[in-house]
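So that you can see what the record holds, here are the features copied from TrEMBL:
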- B:10-48: repeat 'HEAT' (REPEAT)
- B:203-241: repeat 'HEAT' (REPEAT)
- B:242-280: repeat 'HEAT' (REPEAT)
- B:281-319: repeat 'HEAT' (REPEAT)
- B:320-358: repeat 'HEAT' (REPEAT)
- B:359-397: repeat 'HEAT' (REPEAT)
- B:398-436: repeat 'HEAT' (REPEAT)
- B:476-514: repeat 'HEAT' (REPEAT)
- B:515-553: repeat 'HEAT' (REPEAT)
- B:554-587: repeat 'HEAT' (REPEAT)
Amino acid sequence: MNGGDEVVAAPPGPPQLLDWKFSQVFGERTAGEEVQEVDIISAIEFDKTGDHLATGDRGGRVVLFERTDTKDHGVSRRDLERMDYPIGRHPEFRYKTEFQSHEPEFDYLKSLEIEEKINKIRWCQTANSALFLLSTNDKTIKFWKVTSQETSLVARSRRVYAHAHDYHINSISNNSDGETFISADDLRINLWNLDISNQSFNIVDVKPANMEDLTEVITSAEFHPTHCNMLAYSSSKGSIRLIDLRQSALCDSHTKLFEEPEAPSSRSFFTEIIASISDIKFAKDGRYILSRDYMTLKLWDINMDSGPVATFQVHEYLRPKLCDLYENDSIFDKFECCLSGDGLRVATGSYSNLFRVFGCASGSSEATTLEATKNPMRRQVQTPSRPSRSLSSITRVVRRGPETPGVDANGNSFDFTTKLLHLAWHPTENSIACAAANSLYVYYA
Amino acid sequence: MAMIDEPLYPIAVLIDELKNEDIQLRLNSIRRLSTIARALGEERTRKELIPFLSENNDDDDEVLLAMAEELGVFIPYVGGVEYANVLLPPLETLCTVEETCVRDKAVESLCRIGAQLREQDLVESFIPLVKRLASGEWFAARVSSCGLFHIAYPTAPDALKTELRTIYGQLCQDDMPMVRRSAATNLGKFAASVEAPHLKVDIMSIFDDLTQDDQDSVRLLAVEGCAALGKLLEPQDCVAHILPVIVNFSQDKSWRVRYMVANQLYELCEAVGPEPTRSDLVPAYVRLLRDNEAEVRIAAAGKVTKFCRILNPELTIQHILPCVKELSTDSSQHVRSALASVIMGMAPILGKDATIEQLLPIFLSLLKDEFPDVRLNIISKLDQVNQVIGIDLLSQSLLPAIVELAEDRHWRVRLAIIEYIPLLASQLGVGFFDDKLGALCMQWLKDKVYSIRDAAANNVKRLAEEFGPDWAMQHIVPQVLDMINNPHYLYRMTILHAISLLAPVMGSDITCSKLLPVVINASKDRVPNIKFNVAKVLQSLIPIVDQSVVEKTIRPCLVELSEDPDVDVRFFAGQALESSDQVMMSS
């Protein structure tokens with residue numbers, strides 16, 4: 001929990017505004033090409049070193065990419081870790097391999113179809129020269145090993161962690177101890193040992209005795225990056241709970257609760273729905289937690305439970321449209337969020353394949369909107385991220401004509417069908433990978 | 001060793017199958033690696049087979065595990081100890097795979113080989129191998145290295161010994177928690193191989209670092225190290241260095257660490273001696289028995305007998321018994337269950353008077369526990385109390401407890417109590433049994449659940465063994481045979497099963513006069529399943545009864561069944577007839 005001060009006390013004055021440039025696109029859509037449902041990307045994750053990137057899709061496939069600009073044979077991994085990358089280079093990836101992680105299934109006991117869609121991917125520590133990762137759909141988590149055999153790459157499912165969740169799995173997260181991980185569904189969080197697939201321990205259970213009393217569900221959970229005993233989970237009521245595995249075997253009571261009291265004046269039918277947190281992420285140093293709800297990004301200091309240290313407006317301009325968004329279910333879209341490795345910036349997705357990057361260092365008013373195309377800056381929609389901040393750069397709106405179904409009062413266009421839900425920040429560099437439908441875009445600054 | 005006692009063709013097949021696509025074939029072949037090696041001869045084994053195996057490291061875990069195991073006993077097949085070196089490379093490779101059980105087996109095999117190596121080979125091959133693994137790029141190699149130091153160390157020259165101690169210290173501070181865990185796990189073994197002066201300095205400082213690790217999972221393993229190290233140190237050093245650590249651990253923030261202490265504490269009592277036990281370990285243990293976390297109380301309660309066995313009875317009565325009383329009404333059923341599974345063992349420690357005065361009320365309250373496992377655990381250990389205070393004092397409470405368990409709605413609970421009936425019968429004696437439990441045993445034969453009926457039939461047999469045929473004739477057999485008229489064929493089948501179990505116990509005479517007629521009668525049953533079970537039972541009776549009875553009674557019945565319209569009945573009748581033919585021929 002210490003050392004977080006460095007983030008805030010960074011170089012004198014706010015860091016420079018980042019100049020984002022397009023780097024790469026994989027699976028770009030040609031004009032008029034119809035997107036196949038199964039090809040839509042549903043998970044993105046960099047590994048710890050940033051040398052590998054994995055995506056999962058609705059068709060149950062996992063695709064791996066590897067970094068090409070740092071490949072340097074004969075240098076050990078440890079040396080590479082110590083080495084700073086030469087300035088001027090930016091991460092470039094190439095397709096490495098892909099494999100079918102999950103297949104559609106049918107639960108005969110409950111008469112339920114189980115989709116193959118990959119909900120989350122998490123990389124694991126590498127025990128040897130192979131790559132290891134966890135992938136999960138709604139019900140089943142799998143542990144994969146990817147090795148090169150002769151000339152080809154082979155993915156083998158090493159373990160299957162099944163039958164432990166009655167509800168849909170929304171998160172998996174590795175512990176810093178390297179031997180355990182958690183999986184969270186709507187009502188429960190289970191703790192697993194990576195080596196043992198036939199038993200898990202239930203550590204959080206929010207299921208009420210009577211389901212009619214249910215008012216809150218778990219939406220996301222993550223282990224602290226360095227403290228093996230701490231984990232955080234978010235809820236549909238907009239709260240984040242920090243729990244300490246040391247205190248008790250069953251962690252139904254939290255150590256800390258983070259929530260922002262709502263202003264009674266702004267209360268409406270939608271208040272509870274838009275308060276729901278769709279994603280939380282610990283900053284690398286473990287002191288801050290970033291959360292995303294429908295309207296905002298919030299940054300929390302785990303030493304301060306009175307309220308967020310910063311709030312970034314992402315969708316404020318949609319407030320008048322909440323009724324429409326409710327009608328077409330968009331209000332339930334689950335946007336992910338991410339932090340830069342240095343903790344100075346945060347990012348999250350939006351509609352019309354846009355994503356937004358905010359500076360969170362003190363004094364920073366950075367708020368950039370980018371579009372997941374080859375020309376990310378071609379549409380800069382600037383909406384004030386914090387009321388106090390001035391608009392520093394130009395506000396230029398490029399309309400996309402026929403593709404744009406709606407334009408709001410400010411001239412901001414939005415297209416609910418093209419939403420950018422999934423994105424990830426490179427662990428050591430200013431590079432973001434994000435998914436626009438079936439296409440993976442990588443940007444750098 | 002060059003014994004070619006199997007034809008060459010199968011060897012070629014085995015070698016071929018080492019490369020087969022089918023994992024089962026590869027596995028078979030690996031398990032017969034010694035046969036292949038013998039056929040190849042020592043030289044070709046060294047020059048061809050071992051290099052081939054060295055490359056084969058991306059196979060299925062099962063194959064790698066089998067290979068790691070086989071290589072550990074392979075010294076004779078490569079030409080004896082002077083050639084044992086060649087086995088190191090394939091095992092070194094196996095030490096770097098990600099699967100823990102394969103690595104562990106490879107380390108085990110390396111230790112086995114290392115223990116036989118010549119000193120020169122240890123210095124020239126084995127120690128460099130340990131150092132290579134310890135500086136491995138990936139954590140799997142470093143994890144494996146920790147388990148090899150205790151073999152490498154004793155024969156190393158002094159300079160190398162210093163280096164090995166330094167490397168071990170570095171492993172204990174590795175970036176990866178997995179490596180630190182492995183170093184903590186193996187510390188006791190390594191410490192045992194280190195000279196006393198270094199033990200007190202180097203090893204204890206390594207140990208101190210591990211006890212302060214940020215990772216709970218590492219501190220947990222350091223707790224285990226406490227007992228192992230404690231046994232190596234002189235009692236005064238143990239009191240000075242280990243005791244404060246364990247007392248600290250018993251108040252660790254993490255319940256998992258306290259849980260480990262609760263499990264291990266009794267082992268340390270002997271290492272530190274009686275006085276520190278009384279002054280430090282008893283208070284620590286009492287705290288653990290009253291821990292906030294139920295898991296910790298479960299572990300502490302489960303060790304209460306082992307701990308008290310080390311203490312004197314006065315300390316037990318003064319300090320531990322009050323906690324035991326509290327635990328017997330603990331809010332967690334699992335704590336009560338853990339206590340119930342060991343508390344009976346305290347009776348011999350405390351002796352008759354203290355047991356009656358102090359423990360009996362606790363036994364009785366646990367026998368009335370709402371949770372069946374608690375009651376079952378008490379009943380399962382009755383014999384331990386019986387020896388000290390006899391059963392009479394308990395019997396009043398025992399019967400209601402047994403009856404309630406016998407009628408529990410969960411069949412697993414009913415099954416568990418049936419298993420204990422023969423034990424109860426032997427402890428309670430015939431008189432008590434006749435009055436109270438006989439009816440229950442019959443009732444289970446008519447249970448809705450097959451497993452219960454099956455266990456009940458077995459129980460009837462075990463009772464007959466316990467109390468003898470005469471008693472059984474009076475108290476069981478007539479009641480059992482009565483049930484053959486039950487309208488439901490599944491219950492009739494249970495009775496046939498019981499008869500086949502009873503017959504060997506009851507002997508030839510009773511079988512012929514009482515059991516056989518019932519079986520013969522059942523061959524007229526309208527249900528084919530009964531009829532083919534009759535055939536099976538008759539087959540089992542053939543060796544028990546006299547040959548004339550087989551001729552006169554059993555065979556005619558089987559012949560009739562062998563012409564039954566039902567194919568299964570004919571099949572089993574035929575099988576029984578065949579076996580009776582064989583008995584006749586052999587006699």
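Backbone N, Cα and C define each Cβ position, glycine as well.
Small disclaimer: the values here were computed from a predicted structure and weren't measured.
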- Are there residues at least 6 beyond the ends of the repeat 'HEAT' (B:242-280) whose Cβ is under 8 Å from a Cβ of it, and what are they? 207-208, 211, 216, 219-220, 222-224, 226-227, 229-231, 233, 235, 287-288, 291-293, 295-296, 299-300, 302-303, 306-307, 309-311, 315
- Would you kindly list the residues that approach the repeat 'HEAT' (B:476-514) from elsewhere in its chain, counting only those six or more residues past its ends and only Cβ-Cβ distances under 8 Å? 438, 441-442, 445-446, 450, 453-454, 456-458, 460-461, 463-465, 469, 521-522, 525, 527, 529-530, 533-534, 536-537, 540-541, 544-546, 549
- Message: Quick test of the contact rule: Cβ under 8 Å, at least six residues beyond the ends. What residues does that give for the repeat 'HEAT' (B:554-587)?
- Response: 516, 520, 523, 528-529, 531-536, 538-539, 541-543, 545, 547
- Query: If you average pLDDT over the repeat 'HEAT' (B:515-553), what do you get?
  - Reply: 93
- What same-chain residues lie close to the repeat 'HEAT' (B:10-48): Cβ under 8 Å, and 6 or more beyond its ends? 1-4, 56, 59-60, 62-63, 66-67, 70-71, 73-74, 77-79, 83, 86
- Helix, strand and coil residues within the repeat 'HEAT' (B:320-358) as assigned by DSSP: 32 helix, 0 strand, 7 coil
